Amino acid sequence: MPACRLCLLATGLLLGLLLFTPLSATGTRAEKPGVCPQLEPITDCVKACILDNDCQDNYKCCQAGCGSVCSKPNGLSEGKLSRTATGTTTLSAGLARTSPLSRGQVSTKPPVVTKEGGNGEKQGTCPSVDFPKLGLCEDQCQMDSQCSGNMKCCRNGCGKMGCTTPKF
């Protein structure tokens, strides 16, 4: 009888794995192309989306602190917020920014980005990274111009890119 109990246990574990495997493995939760811009935190932690598929067209579901919004990937042009028919808040482009006095309202005016030379690369060099580095293991940028202020787009220690304070 112990062998039957092991069979039942193994069957139960396999069934549990199948039930709790993320849908992305089946292709129904495919991530949209592009990289989310670096967004400043939304103060009221509203999650306007959970997955890229919650956003229309080529918009991605991007983290903004404890909240999330649908955002045009890699955009730095001034954008605007709009609501979809399903009530999803969409950020057309730019960086979502709030201030403690704004009561959760979101500004989408981009930061001033000064380009050094004609290629958009900012001054300074990327710092060396100690492996493994703790933090977000996801792409936050693809080029310096997507980072605010004098921050540069550099490797973050897990094979991804993030906005980092450069060395001068």
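Cβ atoms here come from the backbone N, Cα and C positions, even for glycine.
The model shown is predicted, which means the values in this text are computed figures rather than measured ones.
Marked as disulfide bond by Swiss-Prot: Cys36-Cys62 (among others). Cβ-based neighbour count (10 Å, all protein chains) for Cys62 (disulfide bond) stands at 25.
In the three-state DSSP scheme, Cys45 (disulfide bond) is classed as coil. Annotation source Swiss-Prot lists disulfide bond at Cys45-Cys66 (among others), citing sequence analysis.
Cys49 (disulfide bond) is surrounded by 23 other CB atoms, counting those within 10 A of its CB over all protein chains shown. According to Swiss-Prot, the disulfide bond annotation covers Cys49-Cys61 (among others), on the basis of sequence analysis.
When secondary structure is read from DSSP and collapsed to three states, Cys55 (disulfide bond) falls in the coil class. What Swiss-Prot lists as disulfide bond is Cys55-Cys70 (among others), and the listing cites sequence analysis.
Sequence annotations record features per position, and here Swiss-Prot assigns disulfide bond to Cys126-Cys154 (among others). Cys126 (disulfide bond) falls within neither a helix nor a strand when secondary structure is assigned with DSSP, and so counts as coil.
The disulfide bond annotation in Swiss-Prot covers Cys137-Cys158 (among others) and rests on sequence analysis. In the three-state DSSP reading, Cys158 (disulfide bond) counts as coil.
Around Cys141 (disulfide bond), a 10 Å sphere centred on its CB holds 23 further CB atoms from the protein chains shown. Secondary structure from DSSP puts Cys141 (disulfide bond) in coil. Per Swiss-Prot, disulfide bond is recorded for Cys141-Cys153 (among others), and the stated evidence type is sequence analysis.
The Cβ of Cys163 (disulfide bond) lies under 8 Å from the Cβ of Gln38, Gln140, Cys141, Gln146, Cys147, Ser148, Met151, Lys152, Cys153, Cys154, each on the same chain and at least six residues away in sequence. Sequence annotations record features per position, and here Swiss-Prot assigns disulfide bond to Cys147-Cys163 (among others).
Here Swiss-Prot flags 31-74 as domain 'WAP 1', drawing on sequence analysis.
Per Swiss-Prot, domain 'WAP 2' is recorded for 119-167.
Annotation source Swiss-Prot lists region 'Disordered' at 100-123.
Residues annotated as signal peptide in Swiss-Prot: 1-30.
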>> Limited to the domain 'WAP 2' (119-167), I'd like the whole-number average of pLDDT.
In response: 78
>> So among Cys45, Cys49, Cys55, Cys62, Cys70, all listed as disulfide-bonded residues, which is physically nearest to Cys137 (disulfide bond)? Use the C-alpha atoms.
In response: Cys62
>> What are the sequence-distant neighbours of Cys61 (disulfide bond), meaning same chain, six or more residues apart, C-beta distance under 8 angstroms?
In response: Ala48, Cys49, Ile50, Leu51, Asp52, Asp54, Cys55, Ser68, Val69, Cys70, Ser71
> Considering only the disulfide-bonded residues Cys36, Cys126, Cys158, which residue has the minimal Cα-Cα separation from Cys66 (disulfide bond)?
Replying inline: Cys36
> How would DSSP class Cys36 (disulfide bond) in three states?
Replying inline: coil
